[in-house]
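*Asks:* If you scroll down you'll find the structure; I have some questions about it.
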């Protein structure tokens, strides 16, 4: 790329990107954010690696580990934002390293501009994993979780996992159609135990990861069945901002203790988290404004919300509009959950609740906490990284692994507080009470962990 063109690009990007505060969800409506394929990432990632290694002798160059990224249009080119792990080789050269160093993992953020197959590195921010993480947990970070981990299992590892797998099958009442499928699931289970260990090593909170009812599912199966990719791909209906309130929040709050939250539900093998998040919010709003707690129908939204995509995902903003346009929600007892799409059977005469509007909340977590304490449970969306293996405790995933750019699961904020001086959000999930802490997930509060503050919303009941 010519020097003049480089300068023009830099001036453009500095005026539009670098000098602007980075929002929690950075893409405008006409832009896209997604998990790019390895093929799309290959060229910009290799270029960033070459720039990182520039001037290094053979044998001292880092190698590329895991990569994830997003892209947006930039004039006639593309701007790639990459998050990558680099593996640094051991260093025994006293002229380079005063003390011998073992192999280490480095976390990097790059911005690469691509135009006419030419690349320009605009930003590089790298630091060793242990510099940021070992203060939270004593662990060996050579086992850092590759996001594209396809390494072969250690020899005989599946055999060693067989007793645990047998216990898993008994605990969760698993049966398989053939011996071959059982063997395959054992292999998946064994690989998942390695993944859970790596997630555990990099969690900065008190969360424990391990065997759950999802431990025999591949990562792809889990994402396809239980998560909601539309949350990161579509913008949905615009909502008005919530009216300002007193931003002073009490030290802790829990709507479960105040009767505003129904029992934990189970979405089953259906990506309908969006419906459960919204009905949970409406249940709380109706209770606070009418004094009655009713368990409301998610199935009505699967069947009758024609904008969202039922088990293939949906957006809370669209669901609120559907409830308002339909004329309300029936109860769970009257319109029971089936876990798949059926013909819409809604009857306005059977509706027990209605909403007047919906609002979008601030991305400031202190304001979210104040709104929750004063107004009720809140529909939010998060990046579900690690939740496949979450058992209990306060999750605080390493940010590059639980990026707010890749939210894929809608849930319900019901409270907040502190455990052992660690601030948390109490989150009602929709995977049944046999997951997590009796169906609940506890996530670190105060840093926008996993994008918890990026899509907070609520119905309005007058």
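Placement of Cβ uses the backbone N, Cα and C atoms for every residue, glycine included.
So Swiss-Prot says this about it:
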SIGNAL    1-19  signal peptide
CARBOHYD  35  N-linked glycosylation site
CARBOHYD  138  N-linked glycosylation site
CARBOHYD  173  N-linked glycosylation site
DISULFID  270-311  disulfide bond
ACT_SITE  273  active site
DISULFID  304-344  disulfide bond
CARBOHYD  345  N-linked glycosylation site
CARBOHYD  356  N-linked glycosylation site
DISULFID  402-450  disulfide bond
ACT_SITE  409  active site
CARBOHYD  418  N-linked glycosylation site
ACT_SITE  429  active site
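So that I understand the layout, could you describe where these features sit and how close they are to other parts?
*Replies:* Counting only same-chain residues at least 6 apart in sequence, none has a Cβ under 8 Å from the Cβ of residue 173 (N-linked glycosylation site).
Sequence-distant neighbours of residue 270 (disulfide bond): residues of the same chain at least 6 apart with a C-beta under 8 Å from its C-beta are 225, 302, 310, 311, 339, 340.
All protein chains shown were included, and the count of other CB atoms within 10 Å of the CB of residue 273 (active site) stands at 28.
The secondary structure of residue 344 (disulfide bond), as reduced to three states from DSSP, is coil rather than helix or strand. Its Cβ taken as reference, residue 344 (disulfide bond) is surrounded by 15 other Cβ atoms within 10 Å in the chains shown.
Under the DSSP three-state reduction, residue 356 (N-linked glycosylation site) is assigned to coil, being neither helix nor strand.
Annotation for residue 450 (disulfide bond): spatial neighbours 382, 383, 384, 385, 395, 397, 402, 404, 407, 443, criterion Cβ-Cβ under 8 Å with sequence separation of six or more.
Under DSSP, residue 409 (active site) is assigned to a strand (E or B) in the three-state scheme.
According to DSSP, residue 418 (N-linked glycosylation site) is assigned to a strand segment.
The Cβ of residue 429 (active site) has 264, 387, 411, 435, 436, 439, 440, 441 as same-chain neighbours under 8 Å, each 6 or more residues away in sequence.
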*Asks:* Distance check, please: Cα of residue 409 (active site) against Cα of residue 304 (disulfide bond), rounded to an integer number of angstrom.
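*Replies:* Residue 409 (active site) to residue 304 (disulfide bond), Cα-Cα distance: 21 Å.
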*Asks:* Hey, how far is residue 418 (N-linked glycosylation site) from residue 273 (active site), Cα to Cα, in Å?
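*Replies:* Distance (Cα to Cα, whole Å): 26 Å.
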*Asks:* Using C-alpha atoms, which one of the recorded positions 304, 344, 345 comes nearest to residue 356 (N-linked glycosylation site)?
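*Replies:* Result: the closest of the recorded positions to residue 356 (N-linked glycosylation site) is 304.
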*Asks:* Select the most exposed residue of 311, 409, where exposure means the fewest other Cβ atoms within 10 Å, treating these as the recorded positions.
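*Replies:* Counting other Cβ atoms within 10 Å of each of the recorded positions 311, 409, the minimum falls on 311.
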